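Reviewing the structure listed below.
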Amino acid sequence: MSDFIIQTKTIKDTNTLPSELQIDPRIIYRELKEVEKTVQGIIEKVMKEGDSGLRELTEQFDHCLINDFIIPKSELEYAWHRIKPEFRDTVELIVQTVRDFHNKQSEHSKCFSRNQSILGEIISPIDSVAAYVPGGRASYPSSVIMTVIPAQIAGVKNILLLTPPNSNGVVSSDILGIAHYLGINKVVRAGGAQAIAAIAFGTESIPRVDKIVGPGNIYVTVAKRLLFGIIGIDSLAGPSEVVIIADEDCRPDWVALDLLAQAEHDPLSRAILFSTSDEVIIQVQKSIQKELIDHPLPFKKIIPIYLFQVDNLLSAFELTNKIAPEHLELCCADHLRLLPLIQHAGAIFLGNGAPVALGDYGYGPNHVLPTMSGSRFCSPLSVRDFIKTSSYIFPQKGDSTLVYSRYASLAEREGFFFHRKSLLARISPYDTL
Ligand SMILES: NC(=O)c1ccc[n+]([C@@H]2O[C@H](COP(=O)([O-])OP(=O)(O)OC[C@H]3O[C@@H](n4cnc5c(N)ncnc54)[C@H](O)[C@@H]3O)[C@@H](O)[C@H]2O)c1
Ligand SMILES: N[C@H](CO)Cc1c[nH]c[nH+]1
Ligand SMILES: [Zn+2]
């Protein structure tokens, strides 16, 4: 049985977050630095040794010896046909709901004129992308759908998957089958920080790509962070988190399940309840304990579930905005009216009928979401993560803003001789001064 502690507390001062929530940026920074030491060694080994370094690290962390990292295409097709028809129907339905939602995110190139000049932005898809599909403690076929669909809608031509093998060297056949169904034909059997390094530098057998996206544990997340710049990344979608705001309108037994559902991902996951009702807190605590008797979580560490009592719902919203959680459930009456109070949360679930698990498995929006307070500045994975823009200008004589000497004067102030000269050289054909 896991060493389970539920922390309960009453919060009076909403200006200061309880220290156990540990979202102080200095603490996050120090924790990341600790993991960085390990990850840096892993990255350098793969960078220097390529496939043989990756092989050794896979043996060390995934406990299996892999000869060929690329899984043959025929295995993907075989895996899809081995999936039972009812489950194939489920996959097809979820793929459609996720596709419908993401289709609405499509962006288009823009062109506008100013006086007689033409300016604009061209949108183009990223050439090649790797999607990381986690597979350490659990296997995540749902993440194949979440990462591949927005990339395809954006028009990415080369999409491959990275996913760790189990100790027999095998990758979940659901991951392979869904990859095939979605038209992916390259799956790389490698995981953790070593897989991120392999795709960032390229190895003898694994091609380098332009961007890596997808969720993962702390090692995967830190590797993405360290390699950003060498390779593009999406958000830091690390160990799962949930905040639930609940009043007397909630179902405490369901709240308990939703807290446990995100806590079961990882010992570093966090599940937090803010409730105005002491009775709700007592009932949630009882339900969690009851659930864990039948189903203890497989972690040796203490599971971070926090149940906080607050004076009013406003305080709960203030605290939540400070946490900026990955997921937020509003299990309170009037949730629609309260929604505008939320400034920072990756995905919001409204009402008692909206568990995070529904979003996890593809009700529409993406389940790859920023963690560690990242929803202050990052968004859920979307089609926008797979495109980039190039701006363009086509100046014309009749444009009254086109006075080269004005731009040249700014160059002069910055002290750039050739910038200034390059502008002044244009004066004779167009400039009116
Ligand atoms: N934020 C999101 O959007 C989101 C979505 C889905 C899942 N997740 C998170 O993804 C994570 C999945 O984690 P996982 O572990 O099951 O799979 P994973 O694939 O992310 O990580 C497994 C890999 O970690 C490496 N590893 C394990 N222990 C290590 C160590 N001590 N040193 C170096 N490397 C080590 C191994 O190479 C292994 O292959 C969870 O934290 C889950 O909460 C997040
Ligand atoms: N809760 C995860 C995002 O943090 C997504 C997921 C996939 N499968 C189960 N859950
Ligand atoms: Zn989940």
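Just so you know, glycine gets a Cβ as well, placed from its N, Cα and C.
Per TrEMBL, the features are:
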- Tyr132, Gln194, Asn217: NAD(+) binding site (BINDING)
- Ser240, Gln262, His265, His327, Asp360, Glu414, His419: substrate binding site (BINDING)
- Gln262, His265, Asp360, His419: Zn(2+) binding site (BINDING)
- Glu326: active site, proton acceptor (ACT_SITE)
- His327: active site, proton acceptor (ACT_SITE)
(request) Enumerate same-chain residues with a sequence separation of six or more from Tyr132 (NAD(+) binding site) and a Cβ-Cβ distance below 8 A; give 'none' if the list is empty. (result) Ser143, Thr147, Leu161, Leu162, Thr163, Gly191, Ala195, Ile196, Ile212, Val213, Gly214, Pro215, Gly216, Val220
(message) I want the residues beyond Tyr132, Gln194, Asn217 whose C-beta is within 8 angstroms of the mean position of the NAD(+) site's C-beta atoms, in chain order.
(response) Pro134, Gly136, Leu162, Pro164, Gly191, Gly192, Ala193, Ala195, Ile196, Gly216, Tyr219, Val220, Ala223
(request) For Glu326 (active site, proton acceptor) and His265 (substrate binding site), determine the Cα separation and express it in whole Å. (result) 13
(request) Check the binding-site residues Gln194, Asn217, Ser240, Asp360 for any whose Cβ is under 6 angstroms from an atom of ligand 2, and report them in sequence order. (result) Ser240, Asp360
(request) Would you count the other CB atoms within 10 A of the CB of Gln194 (NAD(+) binding site), including those on all shown protein chains? (result) 28
(message) With the Cβ atom as the reference point and anything under 6 Å counting, tell me which of the binding-site residues (Asn217, Ser240, His265, Asp360, Glu414) are near ligand 1.
(response) Asn217, Ser240, His265
(request) Return the maximum Cα to Cα distance in Å (whole number) over the record's substrate-binding residues: Ser240, Gln262, His265, His327, Asp360, Glu414, His419. (result) 55
(request) Tell me which binding-site residues (Tyr132, Gln194, Asn217, Asp360) have a Cβ under 6 A from ligand 3; sequence order is fine. (result) Asp360
(request) Report the member of Glu326, Asp360, Glu414 (the recorded positions) whose C-beta atom has the most other C-beta atoms within 10 angstroms. (result) Glu326
(request) Rounded to the nearest Å, what's the C-alpha distance separating His327 (substrate binding site) and Gln194 (NAD(+) binding site)? Just drop the number here, would you? (result) 28
